[in-house]
Each structure stands twice: as structure tokens, then as C-alpha cells.
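J.: Take this structure, written in C-alpha cells, and hold onto it; I'll ask about it next.
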Amino acid sequence: MSSSQAVRSSKYSYRATSTGPGTADVNIEYIQDLSSLSRLEDKIRLLQDDLEVERELRQRIEREKADLSVQVIQMSERLEEAEGGAEHQFEANRKRDAELLKLRKLLEDVHLESEETTLLLKKKHNEIITDFQEQVEILTKNKARAEKDKAKFQTEVYELLSQIESYNKEKIVSEKHISKLEVSISELNVKIEELNRTVIDISSHRSRLSQENIELTKDVQDLKVQLDTVSFSKSQVISQLEDARRRLEDEDRRRSLLESSLHQVEIELDSVRNQLEEESEARIDLERQLVKANADATSWQNKWNSEVAARAEEVEEIRRKYQVRITELEEHIESLIVKVNNLEKMKTRLASEVEVLIIDLEKSNNSCRELTKSVNTLEKHNVELKSRLDETIILYETSQRDLKNKHADLVRTVHELDKVKDNNNQLTRENKKLGDDLHEAKGAINELNRRLHELELELRRLENERDELTAAYKEAEAGRKAEEQRGQRLAADFNQYRHDAERRLAEKDEEIEAIRKQTSIEIEQLNARVIEAETRLKTEVTRIKKKLQIQITELEMSLDVANKTNIDLQKVIKKQSLQLTELQAHYEDVQRQLQATLDQYAVAQRRLAGLNGELEEVRSHLDSANRAKRTVELQYEEAASRINELTTANVSLVSIKSKLEQELSVVASDYEEVSKELRISDERYQKVQVELKHVVEQVHEEQERIVKLETIKKSLEVEVKNLSIRLEEVELNAVAGSKRIISKLEARIRDLELELEEEKRRHAETIKILRKKERTVKEVLVQCEEDQKNLILLQDALDKSTAKINIYRRQLSEQEGVSQQTTTRVRRFQRELEAAEDRADTAESSLNIIRAKHRTFVTTSTVPGSQVYIQETTRTITE
């Protein structure tokens, strides 16, 4: 509880009469601090509070005594009931001994508390005596200070009286000075009236000059307006000239551009003409070729009508192709003709534009000449206006000089008038200041007299209070002696009470130490568990990190290998595709050659059937067919070798596919292991969260306990305040016969304060433990968040690896599709080759049959371009 302090102020006024003209009143304020009385009142209230608390404690002890007596009776009954069991009797005896020991300790605690209360009362009594002595010393010091202040105030009063006399003398001197200044003011007023008359004359003359000046300024403004119009017309003419020049330059540029475009168009026309000529020549060549082809066609038609019937479709296709090509060429020629016509139109249009531009140029040149003439005339007019303006400016400057001189005279007169007015104002201000000073000095003298009177009154009051304090001091000494006697009486009771209180304190200390040991053991166990959990988490996290890093490195290695194999496979596929395209082209050539040979062979058969004279040509065709066959065989061998290469490549692809599938299975197993480890880590994380929740619940329980203690403390404070209010009402009745109870209550309060301090220490320790636990919880949460982040990163890496694996699977499937396509193509080529071989075999068999029927001898010369002589012998077999 906070002690309230009261301040009492006493005022004394002294009135003194001096030999001077005025009286002085002096006021002295003296403040006395009554903190000692307030302290005593607070102590009395505290003692009353302790009395009530001690009464409550006594009632509680009596209740406990009654409860214990009831328990003793119950225990005796139980002992009578359980006489048969020796062990039960021993336990009951032990419990009874323990309860008796507790009661003895309580009695010892009461004795100790009483001794402590007596010591406290002695200390309080000594403190009260010292406080009274200090108050007496303070009062004596205050009295000495008051006497010193009185002497100072008297000296100040004498000084003020001397100042008043000096002020009166200065007042007489200032009144004389004021009369002199009034005479000078009247003279200055006469001068001011004369100056006003001269100012009126000067102002009339100034108005005349201003009117003349206004007229001259109007003339100057008119001339300026004319000049502005002339300059504006000049600027317009110059701008028109510049526009004309710009137009001329633009026209020149356009003309040059048009000439360059014309030149380009002519070049393009020449190139188009050359193209037309080339196209016409190509058309003529094509027509010649067509004529030749038509002639060949007619000759072939005349020769082999039967062949035309057989190959009518091929001829129609060739005709269609030629017709399509002819139509394309005709369309191209028509487009070229259209381009030529467009270019000729452009040329004519550009020529017309050039003519129009030439006409515009001539017009602009004529307008330029006219504008130059008008500019020359304007410049002449401008020179005349400038000469007039110079004359008017000279007149204006002379008039301004005269006006400035007159204005300077007027300013001087006005300045003198202002000085006179300022002097007058200063004199009036000084007069007012002197009057105000006189009034203030009179007021200060009256205030000093009043303060002297107040100081005398305060001195009288202080003397009366001194007498009262001496009487109170005597009464306090008598009360002190009585209280000392009472304190000696209470000392014995207090010693007994203190002895009992010490015993109780020892028991409570033992209980507190046991509780502290238990709490410290629990805290150490919790810390050990937290440390073990942290170490386990850290080891598991490091192990998982290491495993995942190893797996990531393995995955990266496998990815690099897969990328390399993919690149190699892509290169092989590209090579194979190029080889396949080459094979296809070569095979198409072979097919064409085979078709040509077959066509030739069919023609030979028809000729042999129809014409025996064409056997030599058939033989030549046979030779060519043999050659083609050899080439085909060679190509077949090459194709077979390429097919073997493709099969080996396909086998390698299949092996690579199997390897990739194995790697995929390994990656899948790794993925399953990682997912299992992730599940294990999630379970551990959940366990850690459960432990954290348990720790948080414990923290909340501790906080609730602290809140309960604070509420109990607040309720106790409220009860103490209420009791203090009640005790203030019953102060006088409770102080008389309650010293012994007060001593016991003070001892009890000390015990409660000690318990409070111990509770505060426990509270501080629990808060420290809570903070440590909160730190550990935060660290665990941070580690959990880091683990979650690592898990997220690992999941991202796994997703990326799965995506890459899917990409590899797609690439593998695409490669498989490509390999299947290549195998189908190879099989198709093999089938076509087998069909060609069958055809060649049939042709050979038919040729052998023909040879058997007809024998031909071919004689050829080695000279190129020589004729072939065929000697044919027919043999008919008749049976």
C-alpha cells in the first residue's frame, strides 16, 4: 500500500510603517510538510489490517484444530476396528505421530511469529522516535529560514522606497521636458501647414505634366502599333517566302525521286522485256518440243496402233501433264504481260505527274518574284517609320527628364513632412511612457506595503504553531514512554509466537524444497526429452537429406546417360532416315528401270508375235535387261546389307529400350523408397506436432495457474483496500488494546510476503522454463518448416524426374514407332524385290523359250554410231 502525504501551508502577513511618503505590506508564505503524520496514519492502518488478518488466521487455526480433533476421533475408531492387523496399527500410529508432529510444528511457528512481531514493534517505535526528532529539526530550520526571509524583505522595502523618491524626481524633470516639446510641436505644426500648401501647388503642376505625358504615350503607342503591323506583314511575307522555298525544295526532291523511280521502272521494264523474250523463246522451244512430240506420237501411232491401245492411259497422262505445264506457262506469260501493262501505265502516270510538277514549279517561281518585290516595298516603308519613331522617342525622353526633376523635388518635400510627423509621434509616445511608468511605480509601492503586512501576520501564525508543536511533542514523549512499557510486555508474547512461526516456516521450506526438486526433475526430464527429440529429428533429417542427395545425384547421372543415349539414338535415327530416303530414291529408280524393262519386254513379245524381224532389238533389250538385272542384283545386295544394318540398329534399339526399362524400374523402386521415407517423416512430424501440442497445453496450464495467482493477489489487494477503508472509520477504538495482535499480524504479513516472494521466484522460474520451452518449440517448428520445405523440394525433384521419365517413355514409343515404320518399309521393299525377282525369272524363262524357238546372231561393230546387223534363222519342228 502506498502512503498518502499531506502538505499544510501557513501564511503570515506583516505591516510596517516607514518614514517615507507611502506604506508597505509584506506577505510571507510558509509551507510545512506533514508527511510524518501521514506516515503514522498509514502505519496504524497497516496494523489494523494485520489485526484483522491475524483474527482470520486464528479462526482458521481453530477450524483446523476442530477438523484435526474430528480426524483424531475417526482415527481412534479405525484403530479400534483394525486391532487384528498389526501392519494397519503401525501405519495408523505413524500417521498419528506425523499429525502430532505437524501440530507441534504449528505451535512452534506461532511462537516464532510472536517473537518476530515484538522485534518489529521495537523497530517501528525507534523509527517513530527518529521521525519526530527529524520533524523538530526541520521546524527549527524552517524558523531560521523565515527570520532570514523577513530580514531580506525589510531590506527590499527600504530599497523600493528609495527608488520611489528617485522616480518622483525624474517625474518633475520629465514634466519640464514635456512643456518644452509642446512648444516645439506647435512650431512644427505651422511649418507643416506651409509645406501642405507647397505640396498642393506641386500636385497641380504634376497633374498637368501627367496629362501631357499621357498624350505623348498615346502617340508613342500608335507608332508602336504601326510598327507592329509593319513587322507582322514583314514576318508574313518572310514566312510565305520560306514556304515557297520549301515547296520548291520539296518539288525538286519529288522530281528527283520521280526521275529515280522512272529510271527504276525503265530498268524493270527492260528486265521484264528480257524475261518476256526468254519466256517467248522458251515457249517457242516448248512448242517445237510439242511439235516434235506430236510428230513422234503420230509416227508411233502409225507404227504401233496395237501398242497405243495398250498404253493409251500412259499417253493420256503424259498429255495431261504437258497440257498442265502448257497452261501454267500460258498463265505465267499472261501474268508477265499484265505486269508489263501495269508498268507502262505507271510510266505514263509518272510522266503526267512530272509535267504537272514542272507547271507548279514555274508558278511558284513567279509567286516568289512577286513576293520579293512586295518585301522590298515594305522595307522602304519600314525605314520611313523608323525615322519617325526615333524623332518621337527623342521628344518622349526630354519630357520624361523634366518630369523626373519635378518628381524629385516633390519627393524631397514629402520626405521632410514625414520626418516632422515622426518627431511628433515620438514625443507623444515618450509622454505616454512616462505616465505609465509613474502609474506602475505607485502600484508597486502599494503591493510592497501589502506584502509587508502579510509577512507580519504569518510570523505571528508561525509562533502560535511553534507553541502548539512543543505541546504535541511533550504529549508524544509521554505516549512513547507508555508504548515502550507496552512493547516490553509484548516482547515475551512475541518471542513465543516467533518460535512457533519459525517452526512453521521450516516445515513450509521443506515442502517448498520438495516441490522445487520435483519440478526441477520434471523440467530436466522434459528438457532431456526435447533434446532427444531434437537430436533424433536432426539425425533423421540429415540421413534423409543424404539419401535424397545420393538419389538426386544418381537420377542426374541416369538422366545424363539417358540424354546422351537419346542424342545418339536421334543421330542414328537421322542417319537411318537419310539412308532410308536414299534407299527409297534408289528403289524408285530401280522400279522405274524395271518398269521400263518390262515395257520394253512387252513390246518385244508383241513384236516377236507380230514381227520376227525385230528379234535383234529384243536381244539388245535382253542385254540391257541383263545389265539392269545385274545392277538390280547389286542394289539388292546393297539393300540386303542395309537391311542387315537396320536390323542390327533395331536390335541395339531394343537393347537400349530394355536398359531404359530397367532404369525405369530402378527409378520406380527409388521413388517408392522415397515415398516410404516421406511417409515415415510425415508420421514423425505428426508425432512431433502431438508432443508440441502437449507442451503447449502444459504452457497454457502454467499460464492459467499464473492468472489464478494474479487474480487471488488482486482480490487480496481489493480486500486490503476495503479493510483499510473500514479501519479508517474505527481507528481510535482499535489502536488501544491491539498491540499484541498487531505484532502477530505483522509476523504473519512477513510470512505471507516471504511466501509471495517465493511464489514470485517460482513464477519467474516457471516463466524462464516456459520461455525455454517456447524457444525449443519455435526451434522445432522452424526445423519442421525446413523439413517441409525440403520435402516440397524433393517432391518437385521427383515430379521433374517423373516428367523426364515420361518424356523418355514418349521418345522411346516414338522411336519404336519409327523403327516399326522402318521395318514395315524394309519388308515392303523385300516383297517388291521378291516380286521383281519373280518377274525377272519369268522373263528369263520366256526368253529361253523364245531362244529355243528362234536363234539370233547379233553382229555389232565397235565403232560408235554404227548399224546393228541381225541375222535371223528360223527353225520349225515338225513331228
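Numbering starts at 1 and runs along the chain as it is shown here.
Just so you know, glycine gets a Cβ as well, placed from its N, Cα and C.
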J.: Have a look at Ser18, Ser256, Ser520 and find the one that Swiss-Prot tags as phosphoserine.
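T.: Per Swiss-Prot, the residue annotated as phosphoserine is Ser18.
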J.: Of the ranges 817-837, 859-879, which one does Swiss-Prot flag as region 'Nonhelical region'?
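T.: From Swiss-Prot, the annotated region 'Nonhelical region' range turns out to be 859-879.
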J.: Checking feature assignment: region 'Nonhelical region' per Swiss-Prot, candidates 1-31, 63-93, 94-124. Which range matches?
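T.: That would be 1-31, the stretch labelled region 'Nonhelical region' in Swiss-Prot.
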J.: For the coiled coil (32-858), report the average pLDDT of the model, please.
T.: 71
